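Noted in TrEMBL for the protein shown:
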type: REGION; residues: 1-33; note: region 'Disordered'
type: COMPBIAS; residues: 18-32; note: compositional bias 'Basic and acidic residues'
type: TRANSMEM; residues: 89-106; note: transmembrane segment
type: TRANSMEM; residues: 112-130; note: transmembrane segment
type: TRANSMEM; residues: 197-213; note: transmembrane segment
type: TRANSMEM; residues: 244-265; note: transmembrane segment
type: TRANSMEM; residues: 277-298; note: transmembrane segment
type: TRANSMEM; residues: 350-369; note: transmembrane segment
type: TRANSMEM; residues: 394-411; note: transmembrane segment
type: TRANSMEM; residues: 417-439; note: transmembrane segment
type: TRANSMEM; residues: 451-470; note: transmembrane segment
Amino acid sequence: MAEEEGPPVELRQRKKPKSSENKESAKEEKISDIPAPERVPKRVYELTHNNKTVSLKTINAVQQMSLYPELIASVLYQATGSNEIIEPVYFYIGIVFGLQGIYVTALFVTSWLMSGTWLAGMLTVAWFIINRVDTTRIEYSIPLRENWALPYFACQIAALTGYLKSNLNTYGERFCYLLMSASTYTFMMMWEYSHYLLFLQAISLFLLDIFSLKQNDKVYEVYKIYIFSLFLGYLLQFENPALLVSPLLSLVAALMLAKCLQLNVKKGSFIAKIIKVINFYLVCTLTITLNIIMKMFVPHKENGHMLKFLEVKFGLNMTKNFTMNWLLCQESLQAPSQDFFLRLTQSSLLPFYILVLIICFLSMLQVIFRRINGKSLKETVTLEDGRIGERPEIIYHVIHTILLGSLAMVIEGLKYIWIPYVCMLAAFGVCSPELWMTLFKWLRLRTVHPILLALILSMAVPTIIGLSLWKEFFPRLMTELMELQEFYDPDTVELMTWIKRQAPVAAVFAGSPQLMGAIKLCTGWMVTSLPLYNDDDLLKRNENIYQIYSKRSAEDIYKILTSYKANYLIVEDAICNEVGTMRGCRVKDLLDIANGHMVCEEGDKLTYSKYGRFCHEVKINYSPYVNYFTRVYWNRSYFVYKINTVISFQS
């Protein structure tokens, strides 16, 4: 998560009063209050030319930290006069949770549009809430960019679903197009990785077009929306080069060029089939070629580490690089655990999703083979036909969910993008008479009238699912809602309080990037690094600062810290004495591998270090460590050392 530059947040801890004299101290202690935003243009300039966050570095915080949501919230906060009614932090939280309401509503509408019944929407919402551990991180990570962006993506999906429908009237089509345009652009502005999701969506639409499942002109209208959003985003995101070198732009440009080269050939003929194959090959080749050319002529550094990470993740390369190995060790970047599938099965979501996906996928294949054999598709598919695979919006969702699911099977963190649409697709399927009718057509059911049975099952199955979910999960939800939880981390609160009261205003702190992000947010003090992974310089800084947990000399650590003008060093006991569950994934292990102090693979050379681990040695207070560092504060979790400017080597 990228920590936001902006107004400091507050930390509170709950204390139990011991006597009447200290009742005042037992009240909630606020580290800092969030000031009401004033002089927006000036504050925006300070964010775009920020030299008060990271030492020796001026950054465009709006671009690097994707602070567009915060800027919009700030404008709304002032424009609505909310600064006289509510504190900024609660206004901010209210907007984020309001967006989650829009998110769920968009899923509701999408499922309703696909199935034709509101019952599917209700079941979608029920599954989303019950499986919220796997559908959203809003409960414990409110400022995440995805919490701002994914609601707009869900709105875009809903608009696209309506837009692809065959029986949509002109006014409805126009409304869906406008909503899709607005939500696509907004989604791209809210999240730096949004164009990768839109790239997957573009692939889905490309395959839909290749299969000749109607709506060809509509698909190309969506491509135009992508191009418009990319270039507008490029201009308004301070000429962000990542958008120009994105695979989305290369793919859409290739699709447009291929369309211009297409010949008017009778559909269904042998020549038309050959041209389809050539067109597919042409688009793939052009996409790769254009992307390579763009990267040659457009200077860019963004997301280069992502490609390196994927190479190592899929075993295409090996590395001892600390940052890459640290990312590989993150739980959210691992393959899904067994508990993940168990949770989805217990809520009945996974079994019904697999059932719906199999039926829709097989029906889609059936339609494709019919087209290959030259058979025409019906303009309007009726319930009696039992061909759910002829509906273009259904085929789009099947392809899209398979692509998202494939990625989620490799990287568990992507489940927050995939599972909401699993809820939507599963709910649509069990509530759709067309899906049941398609199944009965294959089974050639004759004992009962298939249409009647399909209508009955489309109402009975979701009702039974809903009642079982209510019985099993509703009491748990009510119990959780009754529980009042509060942040309680006295050691961190004490550290922030000490910094606010004792540290000089011009002081610069060094430590782990996660802690530095918290210090910047809670106190406003300058730091040496931040938990950002889209900047090569910051990645290098993070690796250098992490050396405080390696087997390096006091002099080496001193030189590293002073090169970033750090005045204070914070050592975290949790990292220094970390007992990792995964072998080789502790920070100190990764540092030893990168520094050659630990054998990683057979044949590696082991470099012996004559120095002990710095974070241990500096606590003992003996020379030469005391010559460079003076301990000024400590508690159970943190040790703060002042970096000496005048070094004495007297023992």
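Numbering starts at 1 and runs along the chain as it is shown here.
Cβ atoms here come from the backbone N, Cα and C positions, even for glycine.
All TrEMBL annotations are machine predictions without curation.
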Counting only pairs at least 6 apart in sequence, do the transmembrane segment (417-439) and the transmembrane segment (112-130) share 3+ Cβ pairs under 8 Å? yes
Look at every Cβ pair spanning the transmembrane segment (197-213) and the transmembrane segment (244-265), keep those 6 or more apart in sequence, and say whether at least 3 of them are under 8 Å. yes
Recorded stretches the transmembrane segment (350-369) and the transmembrane segment (277-298) touching, at least 3 CB pairs under 8 Å: no
